[in-house]
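Quick look at what TrEMBL annotates:
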- A:Arg110, A:Lys150, A:155-161, A:185-188, A:Glu193, A:His216, A:272-273: ATP binding site (BINDING)
- A:114-302: domain 'ATP-grasp' (DOMAIN)
2 protein chains.
Amino acid sequence: MSDSSVSLRPGSTIGILGGGQLGRMLALAGAKLGLKSHIYCPDPQSPAFDVTPFKTVAAYDDEAALRKFAAQVDVVTYEFENVPAATAEILSSLKPLRPGANALAISQDRLAEKGFLASKNIPVAPYRAVHLLEDLKAAVAELGLPAVLKTTRLGYDGKGQRVLRQPGDAEAAFAELKPHPLVLEGFVPFEKEISVVVARGVDGSVRAFDPAENVHRHHILFTSTVPADIAPGIAKHAAMLAKVIVVALDYVGVLGVEFFVLGGERPSLVVNEIAPRVHNSGHWTEAVCLTDQFEQHMRAVAGWPLGDPRRYADVVMQNLIGDEVEVVPGGIDGDTQPHLYGKAEARPGRKMGHINRIVRSE
Amino acid sequence: MSDSSVSLRPGSTIGILGGGQLGRMLALAGAKLGLKSHIYCPDPQSPAFDVTPFKTVAAYDDEAALRKFAAQVDVVTYEFENVPAATAEILSSLKPLRPGANALAISQDRLAEKGFLASKNIPVAPYRAVHLLEDLKAAVAELGLPAVLKTTRLGYDGKGQRVLRQPGDAEAAFAELKPHPLVLEGFVPFEKEISVVVARGVDGSVRAFDPAENVHRHHILFTSTVPADIAPGIAKHAAMLAKVIVVALDYVGVLGVEFFVLGGERPSLVVNEIAPRVHNSGHWTEAVCLTDQFEQHMRAVAGWPLGDPRRYADVVMQNLIGDEVEVVPGGIDGDTQPHLYGKAEARPGRKMGHINRIVRSE
C-alpha cells in the first residue's frame with residue numbers, strides 16, 4: 001500500500017518480520033505505546049515470541065502465510081535488512097511497509113548501497129565491483145593492498161569477507177566467497193568507528209541520536225560509548241550525513257549509519273554501511289533517552305510524532321556474547337541496566353543481551 | 001514455599017496474579033531482564049495478555065487452575081492487594097510468594113493495617129473500629145467531625161467511603177457501607193499528599209525512590225510531581241518510615257506508601273495507606289530512573305540485586321483517564337513519554353494510560 005500518511009490508532013497491530021532480539025525489543029516498545037505486535041519468523045524458538053501472543057511461524061517465501069499475516073496487521077516493519085524482495089513486494093501490496101522496499105533493496109546489496117551513497121555525494125571507501133577474477137586483479141592494481149573482498153549480500157559480523165594482503169591472496173579469496181558478484185573495498189586508514197541512529201517520521205521530520213563510538217571484538221560489536229571521543233564538528237557532520245540519507249530514501253523509521261573516522265590534520269568521515277532498522281550501536285538509548293531507538297522506530301512506523309532523542313547522561317553499552325550473559329544477575333547492581341534477550345542457549349558468539357552502564361558526572 | 005533465598009536464573013518464569021496495567025508493566029519489565037511472565041487473571045480481555053503468550057484465564061478460587069499455574073512458574077507475585085487469603089495460601093505452599101502472605105493480610109484490611117503501623121510507632125490518622133452503630137456514635141464523639149467512615153476491605157479510588165459532616169450523617173452511612181466492620185478515621189488537616197515507592201530485596205537491601213507529590217481528581221490520582229514541594233527533612237522522614245515498614249514486614253518487592261503532610265510550624269507526616277505492589281504514583285520512575293519501579297519489583301521477586309533508584313530529571317506523571325487517552329498520538333512530541341495500557345474501551349473513570357513529562361532545568 002502506497003499511502004504514506006496512514007497514522008495508526010492506539011490498539012492497532014504492527015507486523016514485525018523477524019523474531020530476534022531486535023524484533024523483541026521493538027515489540028516491548030510498541031506495547032508501551034498501546035500497540036500490539038505480531039511477529040513473523042520461521043524459527044519457532046524465536047526470542048520475540050515470548051513477549052507477544054500474536055505470531056506467525058512460517059517461511060519468508062510462504063505467500064499464503066504472508067497474506068494471512070498482512071490481513072492481521074495494520075502496518076509491516078522488519079528487524080533485519082535481508083528480507084527477500086518478493087516478500088517485501090507481496091506485503092507492500094497489502095499494507096504499508098515501513099521502511100519501504102527501496103531501503104531494503106539498497107541496503108541488502110553492497111554495490112547498490114555504495115552506488116546510492118556515492119550518487120548523493122556521501123563519501124564511501126573506494127570500491128570496485130568484482131564479477132570475474134580479472135576484475136579482481138584489476139581492482140587490486142587500482143586500489144592497492146591491503147583491501148577487503150566482500151560478498152555483496154548477506155554479510156554480517158565479519159562473515160562473507162576476506163582481507164587481501166598480497167596479490168597472491170586474490171585467487172583463493174575469489175574462489176571462497178559466494179555468491180558472485182563480489183566487491184573489493186580499498187583500505188581506509190580509519191582511527192575509529194562511530195555510528196549514528198537516525199529516525200524519520202511519516203511527516204518528514206528527522207531526529208538523530210548522538211553518535212556512538214564503537215569497538216569490535218572478533219568482528220562483533222563489543223562496546224558503544226556515548227559521547228564518542230570526536231570533535232564536535234565531526235559529530236555534527238555525521239548527523240548531517242545520516243539525515244541526508246534518510247531524506248534521500250524517503251525513509252520512515254529508524255536507520256543505523258556506520259562511519260569510519262579518518263585521522264589526519266582535518267579528520268573526515270566515510271560511510272561504512274547503513275542498516276534500515278534499529279541498530280545494536282543504539283541500544284544505549286534505552287538507558288539515557290526519554291525516547292529510545294525502539295520507541296522511536298515504532299512511533300515512526302505507526303505514523304506518530306517522533307520523540308525526543310536527547311541524552312541525560314554519558315553511557316557505555318556492552319554486548320553480552322555467549323557465556324558473558326552469566327554476569328546477570330550477580331553483577332547488575334549500581335549504575336547498571338541489564339537487558340537480556342531470553343535466548344535459551346548461550347552459544348559462543350551469540351548475542352545474549354547487553355548492559356548499559358551510566359557514567360555519572362557528579 | 002518458605003525458602004526466602006531462591007534466586008531465579010534468567011529464562012525463569014514469574015507468575016503474576018492480575019492482568020491489569022500493573023501486571024502488564026511488570027511483564028514488560030521482566031522481559032527486559034530475560035524473565036518470562038505468566039499472567040493469571042479471570043478476565044479474558046486483560047491488557048496484560050497482550051504482552052506474553054503465557055496465561056491462565058481462571059477464577060482466583062479455582063484450586064486446580066492455581067496448582068497448574070504454580071507448576072508452570074518459579075515464583076509468584078501479584079499486581080493487586082486483594083488476592084484472597086486462600087489463594088495466597090495455596091500458591092505459597094507450592095512456590096515462593098513475593099511479597100509474602102502477611103503483606104497481603106495486613107494491607108487488605110484497613111484495621112489490620114492501622115494496627116500494624118501503630119504497633120511499629122508509625123503515625124496514622126486517629127481511627128476507631130466500628131462494628132455496631134453504637135460504636136460509630138461513640139467514635140464520632142471521640143474523634144469529632146468531619147470524619148470519614150470506610151469499609152475495611154476492597155476500597156479504592158474513593159469507593160467504599162462516606163464523609164460524615166454532621167452527627168445525623170452517621171446512621172445512613174453505617175447502613176450504606178458493607179460489609180461490616182467499618183473504620184472511622186478522624187479528620188487530618190493535611191496540606192498535601194505524598195508517596196514513597198520503596199523496594200526490599202531478598203538479601204534485605206532497601207532502596208527508595210524519591211517522594212512524589214500527588215494530586216487527585218474525582219478521588220482518582222491525577223498527577224504525581226517529582227520532586228515534591230516539601231522540606232528536605234520531610235522527604236527523608238518519609239523515606240525512613242517507608243523503609244521501617246518493609247523491614248517490619250520482612251518484605252520482598254516494591255511497596256507504595258501514601259502519606260499526608262500535615263501543616264503547621266513543624267510539618268509532620270501520617271501514613272494514609274500502604275499497597276504491597278507497584279504503585280500508580282511511581283509510574284514517573286520509568287521516564288527518569290535507570291531502574292524503574294517495575295524492574296525493581298521484578299529484580300526483587302527474582303531474588304536479584306536491586307537497581308539504582310536515583311533520578312535524572314524532574315518529572316510530572318499525569319494519568320490519562322477515559323477519553324483523555326485521545327491525546328495519543330497527536331500530543332506526544334517534545335519532552336513527553338506516553339504509556340498506554342492497551343485497553344480497548346475508554347470508559348469514563350478508567351485508567352487508560354499515563355504520560356511522563358520531563359521538566360528540564362536548562
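Glycine too: its Cβ is placed from the backbone N, Cα and C atoms.
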List the residues of the same chain that sit at least 6 positions away from A:Asn272 (ATP binding site) in sequence and have their Cβ under 8 Å from its Cβ, in sequence order, or write 'none'.
A:Ala125, A:Glu193, A:Glu258, A:Phe259, A:Phe260
The domain 'ATP-grasp' (A:114-302): mean pLDDT?
95
For the binding-site residues listed here (A:Arg110, A:Lys159), which one has the lowest count of neighbouring CB atoms within 10 Å of its own CB?
A:Lys159
Applying a 10 Å Cβ distance cut-off over all chains shown, what neighbour count does A:Glu185 (ATP binding site) have?
20
Protein Cβ atoms within 10 Å of A:Val188 (ATP binding site), excluding its own:
16
Secondary structure of A:Glu185 (ATP binding site) (DSSP, helix/strand/coil):
strand
